[in-house]
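K.L.:
Dropping a structure here in structure tokens format, bear with me for questions.
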Amino acid sequence: MMVGAFFWGGMSDKMGRRQCLLICMSTNGFFAFLSSFVQGYGLFLLCRVFAGFGIGGAVPIVFSLFAEVLSREKRGEHLSWLCMFWMIGEIYASAMAWAIIPHYGWSFSMGSAYQFHSWRVFVVVCALPCVCAVVALTFMPESPRFYLEVGKHDEAWMILKQIHDTNMRARGQPEKVFTVNRIKIPKQLDELVEMDSESGNPVSKTFFRMKSEIRGIYVNLMKCFNYPMRENMIRLAVVWFTLSFGYYGLSVWFPDVIKHLQADDYASKVKSHGSERIEDITFNFTLENQIHTNSVFINDRFIGMKLKSVTFVDTTFRNCYFDDVTSVGSIFRNCTIIGSQFFNTDIDDSKLTDGTEVINSTFTHNKTGCQMTFDDDYSAYWVYFINFLGTLAVLPGNIVSALLMDKIGRLSMLGGSMVLSGISCFFLWFGTSESMMIFMLCLYNGLSISAWNSLDVVTTESFPTNRRGTGFGFCNALCKLAAVLGNLIFGSLVGITKAIPILMASSVLVGGGLVGLRLPDTRANVLM
């Protein structure tokens, strides 16, 4: 997504918004569908890489295209309404995950070579809006401002006339005629350098064309750092990086902390058994959250049962019979297994650890694949529910930002939202329970969404037409880089300390908010 944002954002300044957006969405839709059906982790990752490369370019292009057909008076408000569809997409994705993934019964297989589980259904469902978007885009016009920039005045005039006539009919004034008094002709974009037909083969021409395109994007980006845009570009980059680092870092940290709290609560309820001697007993029920130490099982039968988070330590199993046993989260440490039979179980070498000895015992028809279900790991089910609640909490902030964007100003909303989000992080010190952490997640998401919306608007309005896609794409690429770093750093601190993530998130958000207040007010800008 990082590479795609930079590349397609830059290409949209050369090829056009609509054409690049169609390519981006088509690429994402095709590889997203393909990733749902491929077997093998490597192929799946490859498909997701290409899907991310496609969808990464969508954000900078969408905002550029939409802003260039809006009037200045309502630009901030309508761009904020556009931001709301990011939230609607998140609600759709989290609701579908919550509704689909836990249903393991939706899966099917064709032998052992092809498996199609419920999470693959979720991937397909998430790709459907992309397909709808591609269809809808075929009926949308190109940006008239882009056409004017590249000297296609007739095409721009037709699109502007269509917009004018549609608006006049809506106002009940269809008789009004669209007229143009004058056209300000901008400096033309540099023409692409073509190789002489005799100087190379098609492959070398293709590579030369790609090299020329990438060089053109780089040259256009360097112009964004020239006077008088240099200071504003650096400030925008800082705000994008800090907001993304704090937001995505906490987004991965919140669910993991809640799972960690659940695990601590679960571990506190463990039942310990020591020095037991159990003979000729049939276990056909679930054993859960137990520790057996220095125990002896003789001639016991474990049939059609689950060992759920059960740990056996220094325990001996003599002449025991295991049939249709699932051992989720269970482990045998330094145990001795003598003359026992294991039939249709998932107990293998990975669960026989720390010097466990197996003497004269047999393992036949072992279970393969993942045996865990959401009944076995209820905390996994909570991840989807918590994500859904956190996304839903964004709705009030979206509505408020849309209604007030053109009234109180972009910068006040950007700086104020980031500072308040940073301050709200300090209350995480008091998050000692699941309910408190969920509340803090919803509060943080609700406060931070106004910053995202106003930052999108400010970034769109800060660049001229011939550099808008490039500038927005570079900022969005920084956003993805910060997201990667945030996920890595915050994820590594789960269960270790709360102080560092809280202080880190608070400081970057407050610092980024203060930098955002130094940006110029773009409310009155004409999109040149």
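Cβ atoms are placed via backbone N, Cα and C, with glycine included.
No curator has checked TrEMBL annotations; they are predicted automatically.
Heads up, here are the entries from TrEMBL:
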- 1-523: domain 'Major facilitator superfamily (MFS) profile' (DOMAIN)
- 20-37: transmembrane segment (TRANSMEM)
- 43-67: transmembrane segment (TRANSMEM)
- 79-101: transmembrane segment (TRANSMEM)
- 121-140: transmembrane segment (TRANSMEM)
- 233-254: transmembrane segment (TRANSMEM)
- 381-404: transmembrane segment (TRANSMEM)
- 411-430: transmembrane segment (TRANSMEM)
- 436-458: transmembrane segment (TRANSMEM)
- 470-493: transmembrane segment (TRANSMEM)
- 499-519: transmembrane segment (TRANSMEM)
K.L.:
Please figure out which one of 79-101, 381-404, 411-430, 436-458, 499-519 racks up the most CB pairs under 8 Å against the transmembrane segment (470-493).
P.N.:
499-519
K.L.:
Can you tell me which of 121-140, 233-254, 381-404, 436-458, 499-519 gets the most C-beta pairs within less than 8 Å of the transmembrane segment (79-101)?
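P.N.:
Result: 381-404.
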K.L.:
Who are the long-range neighbours of the transmembrane segment (20-37) in its own chain, taking Cβ under 8 Å and residues 6 or more past its ends?
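P.N.:
Beyond its ends, the transmembrane segment (20-37) has Cβ neighbours at 4, 8, 11-12, 44, 47-48, 50-58, 61-62, 65, 116, 120-121, 123-124, 126-127, 130-131, 133-134, 137-138, 469.
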K.L.:
Which residues, given as numbers and ranges, are at least 6 beyond the ends of the transmembrane segment (381-404) yet have a Cβ under 8 Å from it?
P.N.:
77, 80-81, 83-84, 87, 90-91, 94-95, 97-98, 101-102, 251, 254-255, 258-259, 262, 374, 413, 417, 434, 438, 441-443, 445-450, 453-454
K.L.:
If you average pLDDT over the domain 'Major facilitator superfamily (MFS) profile' (1-523), what do you get?
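P.N.:
Over the domain 'Major facilitator superfamily (MFS) profile' (1-523), the predicted model scores a mean pLDDT of 85.
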